Amino acid sequence: MTEPRVNPNCRLEDQGITGLGNVHYNLLEPALIDAAIQRGEGKLGLGGTFLVSTGAHTGRSPKDKHVVRTPAVEDSIWWENNRPMEPEAFDRLHADMLEHMKGKDYFVQDLYGGADPALRLDVRVVTELAWHGLFIRNLLRRPEASELAGFLPEFTIINCPSFKADPARHGCRSETVIALNFDKKLILIGNTAYAGENKKSVFTLLNYILPEKGVMPMHCSANHALGNPNDSAIFFGLSGTGKTTLSADPSRTLIGDDEHGWSDNGIFNFEGGCYAKTINLSAEAEPEIYATCFKFGTVIENMVYDPDTLELDFEDNSLTDNMRCAYPLEQISNASETSLGGQPRNVIMLTCDAYGVLPPIARLTPAQAMYHFLSGFTSKTPGTEVGVTEPTPTFSTCFGAPFMPRRPEVYGKLLQEKIAKTGAACWLVNTGWTGGAFGTGKRMPIKATRALLTAALDGSLNDAQFRKDPNFGFEVPVSVPGVEDKLLDPRQTWTDGAAYDAQARKLVGMFSDNFAQYADKIDDDVRAAAIG
């Protein structure tokens with residue numbers, strides 16, 4: 001006899017969601033793909049992938065994300081970065097969405113957020129689109145069939161792309177809405193089919209919940225040395241900076257590519273899958289990720305393909321620069337079976353410098369690491385957010401401001417404590433431009449970045465000779481095997497040294513202006529490490 005695939009005492013009607021058409025609980029991948037094809041949501045691709053376009057929204061909509069303002073969360077939410085929504089407006093939104101859902105079929109996935117059983121979040125994701133069920137099943141952690149019979153969700157996400165919000169009635173910015181209600185343990189998503197909103201909603205929940213447990217939630221990828229989970233490394237970075245690419249290293253075991261927690265036990269992945277950008281993806285540069293684009297169950301999102309042969313075009317960005325594939329971790333041959341690692345020995349902060357000023361790698365003191373973590377300097381890459389069409393320099397605190405419900409200092413102090421306790425080495429790595437700014441310079445060669453990271457992770461880089469950067473105060477290696485010396489000194493890569501100096505001074509000023517907001521909230525050693 002097969003196990004029931006849902007808790008019989010926790011169906012949607014038990015949560016007050018009634019009047020729907022057929023409700024499909026915890027379908028497996030073949031059934032979800034079959035349903036999505038029958039419903040005309042997309043096409044079956046080569047190898048059993050699912051090809052889909054998300055329509056108008058091909059990236060996240062951070063300006064349409066709201067947190068419901070209640071006394072319970074009033075003092076703990078970073079309101080300067082999170083748009084408030086009044087409880088009464090949320091209730092109207094909730095009621096109107098439930099009314100809109102009546103008579104329609106829905107797909108329910110009961111999943112875990114977090115590989116550490118003691119810290120995981122039990123999440124129910126209710127989706128209008130069958131392929132969204134496949135996506136979130138790929139991305140989160142899948143319970144065993146025997147666990148589903150007793151599954152009780154702590155939070156529920158309802159995603160209804162066909163629902164358009166009414167800004168006047170629902171207290172939101174536009175017809176697109178992502179509304180988080182921590183009191184009601186409910187997230188409502190409307191008028192966007194971009195699947196990334198589902199996974200980032202779970203990330204936002206964990207970013208709120210875990211700090212109270214002394215756990216540092218991080219927008220980072222992570223891996224560890226082969227056969228040694230205690231030699232782990234984390235890679236902070238905004239979307240498009242190289243988290244997925246650089247952590248998928250054949251010589252190391254992948255823990256995860258995007259979202260992790262750092263507890264007293266070490267590192268744990270929040271997810272059970274990866275959501276990789278596919279623009280200009282190649283079998284030569286990234287063989288593991290490329291191979292997933294032809295494996296059963298992978299969701300291929302917003303990629304152009306030949307209608308006759310179904311061959312994917314990895315260079316055609318006519319739909320978006322933010323084309324992606326979503327696949328379960330087990331599709332990566334060197335992925336960890338547990339998604340766990342020990343205390344990190346190396347903390348790497350990835351920045352995509354569109355000004356072409358920062359070196360390819362720099363060694364940071366713990367105070368400098370705290371400074372750069374709070375600064376979060378990088379560039380938004382095209383397509384990752386609505387309206388971003390070219391690399392746009394930005395300061396995204398904690399390398400993930402759109403997903404941080406609490407104030408930055410909360411996460412910064414947690415990181416400071418973790419680094420102090422473990423003695424992890426800290427590095428800043430520029431995967432952006434060299435030899436000039438975006439438009440004149442070129443992207444940092446990935447071979448050089450990989451060589452520098454290998455040297456940092458195996459410890460050999462600590463034996464190199466370092467120079468102190470005159471503009472930013474951190475230490476930069478003078479020579480590293482396998483990397484052109486000139487590349488390590490960004491001023492030498494520019495044809496006009498004076499132009500480099502001017503650009504560097506400009507960036508120093510930007511760092512200084514941005515960091516003023518944290519000046520009264522940090523320790524003296526971090527203040528002393530400030531740039532400018």
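Easy rule for this one: first residue shown is 1, then count along the chain.
A Cβ is built for glycine as well, from the same backbone N, Cα and C atoms used for every other residue.
Record features (Swiss-Prot):
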type    : residues                                                                                                       : note
BINDING : Arg60, Tyr194, Lys200, Arg324                                                                                  : substrate binding site
BINDING : Lys200, His219, Gly237, Leu238, Ser239, Gly240, Thr241, Gly242, Lys243, Thr244, Thr245, Glu286, Arg324, Thr449 : ATP binding site
BINDING : Lys200, His219, Asp258                                                                                         : Mn(2+) binding site
Write out, in the order they occur in the sequence, the residues of the chain not among Lys200, His219, Asp258 that have a C-beta within 8 Å of the mean position of the C-beta atoms of the recorded Mn(2+) site.
-> Lys199, Phe203, Ser239, Glu259, Gly400, Phe403
Other residues with Cβ within 8 Å of the Cβ centroid of Arg60, Tyr194, Lys200, Arg324 at the substrate site?
-> Gly59, Ala195, Gly196, Glu197, Lys199, Tyr275, Asn322, Thr384
Check each residue in the chain of Thr241 (ATP binding site) that is at least six apart in sequence and keep those whose C-beta is under 8 Å from its C-beta; list them in sequence order.
-> Leu350, Thr351, Cys352, Thr378, Thr381, Phe399, Thr431, Gly432
What's the CA-CA gap between Arg60 (substrate binding site) and Lys243 (ATP binding site) in angstrom, rounded?
-> 18
Coarse DSSP state, helix versus strand versus coil, of Thr245 (ATP binding site) = helix
By a 10 Å Cβ neighbour count, the lowest-scoring of the binding-site residues Arg60, Lys243, Arg324 is Arg60
Given the binding-site residues Ser239, Thr245, and counting only Cβ atoms in the protein chains shown, which has the most within 10 Å of its Cβ?
-> Ser239
Where does Lys200 (substrate binding site) sit in DSSP terms: helix, strand, or coil?
-> helix
Among Gly237, Ser239, Lys243, which are recorded as binding-site residues, the nearest neighbour of Arg324 (substrate binding site) by Cα = Ser239
Sequence gap of 6 or more, C-beta under 8 Å: which same-chain residues meet both conditions with respect to Asp258 (Mn(2+) binding site)?
-> Phe203, His219, Cys220, Ser221, Lys243, Thr244, Glu271, Cys274, Tyr275
Nearest to Tyr194 (substrate binding site) by Cα distance: which of the binding-site residues Gly237, Ser239, Thr245 is it?
-> Ser239
Whole-number Å only: compute the distance from the Cα of Gly237 (ATP binding site) to the Cα of Lys200 (substrate binding site).
-> 15
Are there residues of the same chain, six or more positions away from Lys200 (substrate binding site), whose CB falls under 8 angstroms from its CB, and which are they?
-> Arg60, Pro402, Phe403
Counting across all protein chains shown, how many other Cβ atoms sit within 10 Å of the Cβ of Tyr194 (substrate binding site)?
-> 25
